[in-house]
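Asker: Could you have a look at this structure, given as structure tokens, before my questions?
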């Protein structure tokens, strides 16, 4: 078995058979606020959803729809309004949105998923939603990647290709997410399209395994949204032999999918509300994988450390305090920490770093904290961002 | 058994037999930075300590000291430097601080507790510590309540009295704490003195039970410090019959102690770094007490809700999102929330509140969120504060 190349394209493009659109329906003042995604043939589908007990109506509907036979031919989505905590009316509105999109596309409603994001607790203005769907066409543009944004500063997209069973398979993903980011099973809205030939249940198994080390390892503010979902659609038009775990190229596809999910997850952390820096924690020497993941996520989740990183202050005691807050196995006298390659902590004490050199390292847009717990051979990784004045400003008046 | 009155004094005073002092030793630029507390006879003592794995040297030493026979005659403390993550030198320094105080007081080192708070990771400058202890006297002033402060804006003190077995017992507490506040077993530094006659082990049982509903239910930023401790000293000079659970006045003393701990815990939340408002969550209708406590603490811990409260924005969806993040039993269609008495959420949907009236209610310095989970008869309570620009500013350059 030869190792196959996975190529990241410089520009986003849709896999074979996918079309989409994004429009300004009127839910927001000026920016695009509705979009859809369509495959010319029904696609195999998989999803992961928020674990928040108040799951929003569109999230619940999409989960129910996908779970029937892991098939989907379209997704319709809107920003500005989360259709969450909206009671029975909210459930009806999500179903109407599904039906309207299905009608315009000429497919069964059971093949349409629905996603909403934005303010919690307001009912969807259905006249605007209806007008928005009426406007939408089937195009090759990427307007849908803008239409799902809320406080995000820019769309987050990626396309990778790989060879599978002699065919070129394309995987394209996009997502939104900036605040209320602390996923437990999935995060905010993420959509991955592919022309790969793979069964829906197999796709679900792959996705469920991969979100744990990607979307579930990012945090912006420790709050888990009511609307989180990641959906993958694979329509088989690449005509590769069906992907199963015993196939030679299965691992190539799995790795390519992981790359897409990891890229999107990190892009959300980097575009966290008010963020000026992406923070990555790489933990090694953990007793087991769960410990490594837990320590990494606690580090990037510490408000105090996030504020210090914003201030470019090498306050390493806050890294130690975060590690010590977990119940992970830690050799408490032999922890090591490096910041962008410079030694910060040696044997649980301050390394003899040069303040000026460290300050300079902290001016980078990406801060990488490498941590050695000296307690085993497992690792863990997580991504977050700094805590800034802008985060407070954005969230002090989100409803206005 | 008649219900006994518990009186909160308008001014702080020390219980019988206690003396103290606070001085400027030079660990800080201008403010007082060292203090002590002394009882003319050995006092029965109890403590609760941080669960952070990197327990600071003074915290570990005090725990070890108290655990020998639950006796203490003095405490010596400093601010500005936490003596945490300081290795063997840190352990030696804490022991030296204990020995120097004991020597000057003419008592055994085994009767002296040590507490430090401030920056993690720097060694204590022992010449300054030594000079500070040399300066200290035994007075009735309250300078020690200032000497332990870091980013706190003001000392947090309380004195209550109650009748126990025909004698007047005084309980006086003070504490510090403003950032890195998310206690698990105890918080920051809290000291309670009393002239009550009660065995140390009994005092320990009382304290351990009471911290769960007081100090453990506050959060400023979700970070658990390495130095947390609450210590109670009772010297018996009130000459009440020894307090045991089968005694008529035991519950009076327990209630009075609870009042002191609850007051101090709330005072820390209200004086949270950069805070402009105290936030209290009162949960009822919980399936059990743990669920109630968990939901209350998750609500006051939500960064998003904290920022909205700073902005006086009635973003009730964030209360729902916080509740839903927990695994507590929730009747998801029948949750009710009130803000300072005004209905905010009814049956998990927006109540028909008047925006202007709600905005006015949010201008108060204390925001009380009453929550009904409709899932049982248990309750829970927690305290926090808003998230402000000032919090970010303070923590962006804490080391400087």
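Numbering starts at 1 and runs along the chain as it is shown here.
Note: Cβ is positioned from N, Cα and C throughout, glycine not excepted.
TrEMBL: automatically predicted annotations, no manual curation.
Taken from TrEMBL, the feature active site, nucleophile applies to A:187. Per TrEMBL, the feature substrate binding site maps to A:150, A:176, A:187, A:273, A:395.
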Asker: Near chain B, which of the binding-site residues A:150, A:176, A:273, A:395 can you find when the cut-off is a Cβ distance under 8 Å?
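Answerer: Near chain B, the qualifying binding-site residues are A:395.
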Asker: Using a 10 Å radius around each Cβ and counting other Cβ atoms from all shown chains, which of the binding-site residues A:150, A:395 yields the largest count?
Answerer: A:395
Asker: Specify the secondary structure state of residue A:395 (substrate binding site) as given by DSSP, simplified to three classes.
Answerer: helix
Asker: Should residue A:273 (substrate binding site) be counted as helix, strand, or coil on the basis of DSSP?
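Answerer: DSSP call for residue A:273 (substrate binding site): coil, neither helix nor strand.
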Asker: What are the sequence-distant neighbours of residue A:176 (substrate binding site), meaning same chain, six or more residues apart, C-beta distance under 8 angstroms?
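Answerer: Residues satisfying the criterion: A:79, A:117, A:148, A:149, A:150, A:152, A:155, A:156, A:188, A:189, A:268.
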